[in-house]
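Undergrad: Got these off TrEMBL a minute ago, pasting:
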{"type": "BINDING", "residues": "C109, H112, C181", "note": "Zn(2+) binding site"}
{"type": "DOMAIN", "residues": "40-216", "note": "domain 'GTP cyclohydrolase I'"}
Amino acid sequence: MSQSLRSKKATSKSGDGVLAVTPPEIVKESDAPLVDHEKIEQAVRMILEAIGENPDREGLQDTPARVARMYEEIFSGLHRDPSEVLSARFHVDHNEVVLVKDIPFYSACEHHLLPFFGQAHVAYLPRHGVVTGLSKLARLVDLVAKRPQIQERMTNIIADTLENDLDAAGVMVVIEAEHLCMTMRGIKKPGSKTVTIASRGAYEDPDRQQEILRMLKLG
């Protein structure tokens with residue numbers, strides 16, 4: 001099994017050679033635009049016709065509508081603010097690492113709109129005992145995953161949301177994923193995984209990073 005390890009920090013600067021990533025514009029859930037089912041259905045019909053299929057044959061007649069409903073579901077996090085997931089916070093007598101690992105997710109590569117899927121590992125170091133519910137970390141991963149994107153951006157959005165909303169002393173997010181754009185087309189390397197890491201605060205220290213990687217058995 002081949003692996004590529006890519007670690008990037010989100011930044012608004014590009015002169016230092018670090019990849020600058022800008023998350024999609026986010027709005028309140030109540031203000032989020034509805035998915036245009038009619039436009040998607042028209043587009044799917046055109047695609048089917050363009051590849052030489054008959055969109056009116058049995059088996060394909062309902063496909064455009066099915067695809068529209070699917071996109072509404074799998075991209076439902078696109079215009080939602082990830083911060084809404086972390087609204088519940090608690091004060092506890094705990095300032096050591098909190099790690100939730102092996103969180104399964106499904107997302108879609110923005111280059112080919114093919115799925116990438118795998119596991120996310122989310123760790124943060126509370127500041128002044130401020131924590132959130134463990135399930136909220138899984139919900140955060142799920143919400144951020146539901147949009148077309150690259151894996152690096154997904155990793156950074158999760159890390160930045162935790163750092164900003166919890167005022168965490170340190171955050172580290174590790175995502176391992178298989179990309180169908182690499183396994184079923186192009187280079188065709190099934191089983192290969194891409195690993196991305198986003199570190200913030202205390203976990204920008206390489207020694208602290210290794211602590212988490214050892215816990216994940218990646219270091």
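Each Cβ is built from the backbone N, Cα and C atoms, and glycine gets one as well.
Predicted, not measured: the structure shown is a model, and the values here were computed from it.
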Undergrad: Given the model, what does the mean pLDDT over the domain 'GTP cyclohydrolase I' (40-216) come out as?
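TA: Reported value for the domain 'GTP cyclohydrolase I' (40-216) is a mean pLDDT of 97.
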Undergrad: Counting only residues 6+ apart in the same chain, whose Cβ is under 8 Å from the Cβ of H112 (Zn(2+) binding site)?
TA: C181, R185
Undergrad: Could you say whether, by DSSP, C181 (Zn(2+) binding site) belongs to a helix, a strand or a coil region?
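TA: Once the DSSP labels are grouped into three classes, C181 (Zn(2+) binding site) ends up as helix.
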Undergrad: Within the same chain, and leaving aside C109, H112, C181, name every residue whose CB is within 8 angstroms of the centroid of the CB atoms belonging to the recorded Zn(2+) site, in sequence order.
TA: A108, E110, H111, L113, L114, F116, H179, L180, M182, R185
